[in-house]
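Over in TrEMBL, the protein carries these features:
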type     : residues                      : note
DOMAIN   : 18-125                        : domain 'PH'
BINDING  : 27-54, K433, K435, S509, R536 : substrate binding site
DOMAIN   : 135-170                       : domain 'EF-hand'
DOMAIN   : 171-206                       : domain 'EF-hand'
CARBOHYD : S186                          : O-linked glycosylation site
ACT_SITE : H305                          : active site
BINDING  : N306, E335, D337, E384        : Ca(2+) 3 binding site
ACT_SITE : H350                          : active site
DOMAIN   : 480-596                       : domain 'PI-PLC Y-box'
DOMAIN   : 596-725                       : domain 'C2'
BINDING  : I639, D641, N665              : Ca(2+) 4 binding site
BINDING  : D694, Y695, D696              : Ca(2+) 5 binding site
Amino acid sequence: YKKRGLTNKQKGDEDLEFLLTGGELVKIRSRTWKKNRFYKLQEDCKTLWHESKKTFMRDQTFTIDDIESVRKGRQSEGLKKHTDPNMEELCFSIFFKGRKKNLDLMAASGDEASRWVRALEKIINNMRNLNRQQKREHWIINCMRKADKNADNQMNLKELKHFLRQINVEVDDTYAEEIFKKCDTSNSGSLEGAEIKHFYDLLTHREEIDVIYKQYALAEGQMSARDLLNFLLNEQREEATPEDAYTLIEKYEVDEIAKQKKQMTKDGFLMYLHHDDGSILNPAHKPVYQDMSQPLNHYYISSSHNTYLMEDQVKGPSSTEAYIRALMKSCRCVELDCWDGDSGEPVIYHGYTMTSKVRFKDVIQAIKEYAFKTSDYPVILSLENHCSVEQQKLMAHHMISILGDALLTRPLGNTMPTNFPSPEELKGKFIIKGKRLNKLNAIFSNNSIIDEDTVSEEDEAADVKENGQKKTKMKLAKQLSDIVIYCKSVHFHGFEHARDNQDFYEMSSFKESKAFSLADTSATAFIHHNMDKLSRIYPAGSRTNSSNYNPVPMWNVGCQIVALNFQTPSKEMHLNQGRFLPNGFCGYVLKPEFQRSPSSQFDPGSLIKGPWLKRQTFHVMVISAQQLPKLNKDKAKSIVDPLVRVEIHGVPADNASKETHYIDNNGFNPMWNENFSFNIYVPELALVRFVVEDYDSTSQNDLIGQYCLPLTSVQKGYRHVPLLTKRGDVICSAGLFVHLMLIDAE
């Protein structure tokens, strides 16, 4: 790296040579934590390096620019507390600008301590006196020209925000204004010249990325294609080729001259890390990448409970909007709680409560319009039918007339099926789940003339009884019965009974307490049941506030339709969003082979040996975060104290949670550099959730942002993690920066 601005005379300076050679010092953190560490000035003459025993941090560096002062003696709180007065001559401290913790050090002799202090002070003064004006690459200047609408070579705040959009820097308005004020040293209300450059530097400086970049940029301080390839192979653990490195330079490098030289500048490197190739989610898993030609029951299906509700289950509004929102989040199974309406038209609402009512016809119309906007794969309409025969006929009429050819009204093919069709075969189709008066094979025989009949409302009976009603027999209209094809609702009498008596298309719904009990006592039987049938799980009726249960234990036993209250922002919905994030966010995710193979003896609770057991150690280093949003925007001085928690959700043996310390008053660029490791036994069922919270000593921490994805979709190496709000929306300016490793156990 070039020794910028240092003269030959300075290069021969004894103090400088002393720092370049380096030496051993004792780093002191407490009475008992006193460790020998090697410190030296790097060849760029502006970065101090010291060895670190922390996993993944081969070295730790800080720049001379970061140092506020160097103080000889026991002047810090730490040294006064943790060293004896007779050590005064051996001690010195490095104090940093901003909130970075000071470094307490002890040399072998008083002379050596004095030499370190003298040399550091000298180089700090030299650095401060250097002309630090550097030319920026053409692309920044071009963007500034475009942003400077009135061409006065000055930028007001509005123009500056336009400039940031030009250079692909998303920034929270509050931060932009704060930094703008800091840089507007002339108080003119606009920035010019050096002030603009200062603004850009403040906004984009990423110390932790400087460290990584410098480690690999060996071509005159820039990354050559070979350097980039080394980074991809060694850090990112990708099976990369020289062509891959050229492609990334072509894709992300912003400086045309560097691009021609097949080099990547630091700005290009940052651009790469901030886009899909540098994201934690494997870009290959972003589109639909799984085999979609397996039977429908071989997939987890994103499913909603009481889809019609916007809020709680007692007095919240029912709305077509709730269906639209769920479908736009790729929900593929929605629930319609149908009751007789006063005007002869069936309505949807939560029976026996004060929730408002919405017309069945209007809901079907909304579903038709929005079902396939985010996913082409089939939508299941789960009917909870409390209507009279007359209004049931209207329900059937509305579905047939509004949904048209998209409504599945008979099995695919001309013969009685023995298994489900695939999501691929059912693209763009609606499947009705409900009661049916007869077996499906009646469609293929001519002697089944049925008008109406009574069926026992058994699988809904649990819900009905919770509201103080007795189980009833109800009449079912033939027209409604006839459009129930692959999802016929039947009562569950046990796994053995189901195996001997149920056809593949006959499915049961389980209240959460029943389902969790079966998962605990008969996990393997539950998994085998789900190999050729569908199961739907729904929240307890006692959850009047529309809270959710944990879906993970249900996926662990292969349940496909794990219905959650989509209208309730919650940890459980974050897990659901994470589960369905890959595979094109299409609402269908292929279950692992060991949940589909009849020979499998998988039990999530016992971890007996089998193809599911793939022991790994998952190493996570939480490095930093960028531009975390303010939670209390009303209070100007309210700044977050962020901490990061990493959670694993999977089989019981894999469940774990670890968190960093919190950082005082820094949401713009907090840095933790904390390492965690997790033992993973069944990686194919594990989800990773990152949670950023605002620490509060007096009450519960507030959620700042979160992100969840399957462990199998995690990219290794240095990665950016996007952050989502509690509701699951992207916070465009915020993110986490982490280092990830997955190591197979011996």
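Just so you know, glycine gets a Cβ as well, placed from its N, Cα and C.
Known features from TrEMBL, placed on the structure.
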residue : record                      : Cβ contacts under 8 Å, 6 or more apart
T47     : substrate binding site      : L41, T61, F62, T63, I64, K214
S186    : O-linked glycosylation site : E192, E195
E335    : Ca(2+) 3 binding site       : S304, H305, N306, T307, Y308, S382, E384, Y538, A563
K433    : substrate binding site      : C333, I380, L381, S382, L383, V484, C487, K488, S489, M507, R536
D641    : Ca(2+) 4 binding site       : Y662, I663, D664, N665, N666, D694, Y695, D696
Discussion item. If I take the Cα of R31 (substrate binding site) as reference, which of the recorded positions D337, H350, I639 has the closest Cα?
Written reply: I639
Practice prompt. Fill in the CA-CA distance, E43 (substrate binding site) to D337 (Ca(2+) 3 binding site), as an integer in Å.
Written response: 71
Worksheet item: Relative to the Cβ position of E51 (substrate binding site), how many further Cβ atoms are located within 10 Å?
Response: 16
Worksheet item: So how many other Cβ atoms are close to H305 (active site), meaning within 10 Å of its Cβ?
Response: 28
Response to the item:
Around the recorded Ca(2+) 3 site (N306, E335, D337, E384), other residues with Cβ within 8 Å of the Cβ centre, ordered by sequence, are H305, T307, Y308, L336, I348, H350, S382
Worksheet item: Under the DSSP assignment, what numbers of helix, strand and coil residues are found in the domain 'PH' (18-125)?
Response: 35 helix, 40 strand, 33 coil
Worksheet entry | Number of helical, extended and coil residues in the domain 'PI-PLC Y-box' (480-596), per DSSP | 50 helix, 23 strand, 44 coil
Discussion item. Nearest by CA distance to Y39 (substrate binding site): which of the recorded positions is it, out of D337, H350, I639?
Written reply: I639
Worksheet item: Between H350 (active site) and E51 (substrate binding site), what is the CA-CA distance rounded to a whole number of Å?
Response: 63
Worksheet item: In the domain 'EF-hand' (171-206), how many residues does DSSP call helix, how many strand, and how many coil?
Response: 22 helix, 1 strand, 13 coil
Item to complete: Would you report the average pLDDT that the model assigns to the domain 'EF-hand' (171-206)?
Response: 79
Discussion item. Return only the integer: C-alpha distance in Å from E51 (substrate binding site) to D337 (Ca(2+) 3 binding site).
Written reply: 64
